[in-house]
Amino acid sequence: MERIVLFLAIVSLVKSDQICIGYHANNSTEQVDTIMEKNVTVTHAQDILEKTHNGKLCSLNGVKPLILRDCSVAGWLLGNPMCDEFLNVPEWSYIVEKDNPINSLCYPGDFNDYEELKHLLSSTNHFEKIQIIPRSSWSNHDASSGVSSACPYNGRSSFFRNVVWLIEKNNAYPTIKRSYNNTNQEDLLILWGIHHPNDAAEQTKLYQNPTTYVSVGTSTLNQRSIPEIATRPKVNGQSGRVEFFWTILKPNDAINFESNGNFIAPEYAYKIVKKGDSAIMKSDLEYGNCNAKCQTPVGAINSSMPFHNIHPLTIGECPKYVKSDRLVLATGLRNVPQRETRRQKRGLFGAIAGFIEGGWQGMVDGWYGYHHSNEQGSGYAADKESTQKAIDGITNKVNSIIDKMNTQFETVGKEFNNLERRIENLNKKMEDGFLDVWTYNAELLVLMENERTLDFHDSNVKNLYDKVRLQLKDNAKELGNGCFEFYHKCDNECMESVRNGTYDYPQYSEEARLNREEISGVKLELMGVYQILSIYSTVASSLALAIMIAGLSFWMCSNGSLQCRICI
């Protein structure tokens with residue numbers, strides 16, 4: 001009995017000095033997905049998917065957009081009378097055009113290679129309008145009567161501001177031969193047109209000559225157009241049509257015009273004074289007096305995140321568009337407060353801290369650390385070195401992911417004419433395919449990195465555990481839950497030496513050996529006592545059973561229930 005009491009006293013004494021290795025926990029409810037699991041609660045996480053915008057059109061890097069309101073690009077460049085506010089425009093960061101602007105080609109017709117012209121604008125930030133052929137220089141032709149009720153201004157007939165519709169003068173239309181030399185250092189955008197009358201009577205009334213042409217030539221262009229006279233349905237009250245053309249005139253090049261009728265001559269041209277990243281965006285939004293780095297048709301984005309799911313079309317320094325609803329990177333640990341007392345699952349990359357059944361909410365100044373208890377008390381202490389290394393590693397990884405993904409990335413709608421619908425459909429399918437690939441890559445990246453991060457934390461906890469185990473050796477007992485029981489007294493100074501890696505094993509080894517042997521001896525003696533008691537119990541119970549059987553047999557024989565015969 002004295003041995004048992006001594007054993008219990010020793011066990012009680014040793015249990016009072018313990019050190020445990022554990023990790024931080026908090027009240028976070030943030031969840032992430034990994035390759036192996038979904039909705040894993042973690043202590044810290046970082047969202048890398050931007051989902052919000054401001055619903056406005058903003059300046060990009062301080063430069064306002066050119067918002068054409070009810071005008072189209074064609075209406076702006078040709079000078080539709082209803083677009084006079086855009087006759088001279090400052091530098092723009094991008095151009096905004098509505099889906100179906102009402103002020104486009106007021107006189108019905110067509111704009112040749114219109115989609116290519118819009119593509120040109122995607123690399124232009126500023127035009128300077130200059131006069132190349134003054135209206136007053138057409139002394140042999142009528143340069144003021146070429147107007148139409150289809151292009152009204154202040155209740156009167158008018159025409160496009162930047163071109164001149166030349167008609168006969170004094171019943172004559174002399175052949176035009178006019179040249180312009182580009183002496184500027186910049187490229188010039190030049191526009192002109194040809195008129196297609198409704199019938200022969202209109203042809204001779206306007207131009208006198210029944211058979212006419214318009215010829216244009218530069219060092220790279222050789223074009224000859226002939227009017228097509230035909231009866232057509234009226235559009236905007238007009239049966240005639242106009243067809244507009246454009247070209248880029250390089251510095252030191254010349255453009256030559258020759259025509260004997262139906263010529264719509266250029267008065268102004270556009271000097272391309274600044275090239276850069278621009279685009280034409282389809283949107284009905286108004287300017288919001290704001291500044292941003294990234295613009296979408298539904299609003300501006302101000303974000304450093306690498307991905308967004310707001311709109312596939314963007315302009316500026318934008319995150320990459322993905323179709324995902326959620327992309328969250330784990331930056332902290334699995335959040336398993338100790339009260340839950342459930343074992344952690346092991347991950348794909350070898351999560352190895354599953355022997356610890358919960359985190360500590362009491363440890364707030366680090367991710368990994370210690371809890372000790374001895375005669376002087378108990379407390380938590382973070383291992384700041386391993387915590388800082390982990391923070392630096394994860395921060396660098398997150399920043400690396402963001403830097404690699406968050407490059408200047410923009411995608412704008414491409415323009416196709418009616419003859420290119422199959423190309424447009426193919427282009428849309430290809431873009432959808434690219435978006436699917438981007439989305440898959442982004443989601444897989446997040447799942448893989450989250451798995452690695454959580455396993456990285458588990459590995460750090462295990463490394464801390466091994467650091468303590470290798471120091472203590474047989475001076476302490478592993479309890480299997482991340483804790484060690486000392487076989488010797490370990491005061492606060494001793495605990496600190498374990499934590500900082502300076503534990504003096506020889507100093508405590510003799511005390512630990514004696515306590516360990518004492519506990520082992522008590523265990524052996526108790527085991528011998530238990531064996532004697534078990535033998536005695538077996539013999540006694542067998543003897544009692546034999547006596548009971550003999551008594552029962554005697555009783556049954558005496559009352560005749562059992563016949564007993566003894567044969568010799």
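Placed from the backbone N, Cα and C atoms, the Cβ positions cover glycine too.
Cross-referencing ASN181, ASN559 with Swiss-Prot, the residue annotated as N-linked glycosylation site turns out to be ASN181. Of the listed residues CYS20, CYS106, CYS151, CYS290, CYS290 is the one Swiss-Prot pairs with CYS58, by disulfide bond. In this structure, the CA atom of CYS290 (disulfide bond) is 42 Å away from the CA atom of ASN181 (N-linked glycosylation site). The 10 Å shell around the Cβ of CYS58 (disulfide bond) contains 24 further Cβ atoms across the protein chains shown.
Annotated pair ASN27 (N-linked glycosylation site) and ASN39 (N-linked glycosylation site), C-alpha to C-alpha distance, rounded: 16 Å. Considering only the recorded positions ASN39, CYS71, ASN500, ASN26 (N-linked glycosylation site) has ASN39 as its nearest partner by CA-CA distance. Of all the recorded positions listed here (ASN39, CYS83, CYS106, CYS151), ASN39 has the Cα closest to the Cα of CYS494 (disulfide bond). Neighbour counts of Cβ atoms within 10 Å were compared across the disulfide-bonded residues CYS71, CYS290, CYS294, CYS318, CYS490; the minimum falls on CYS290.
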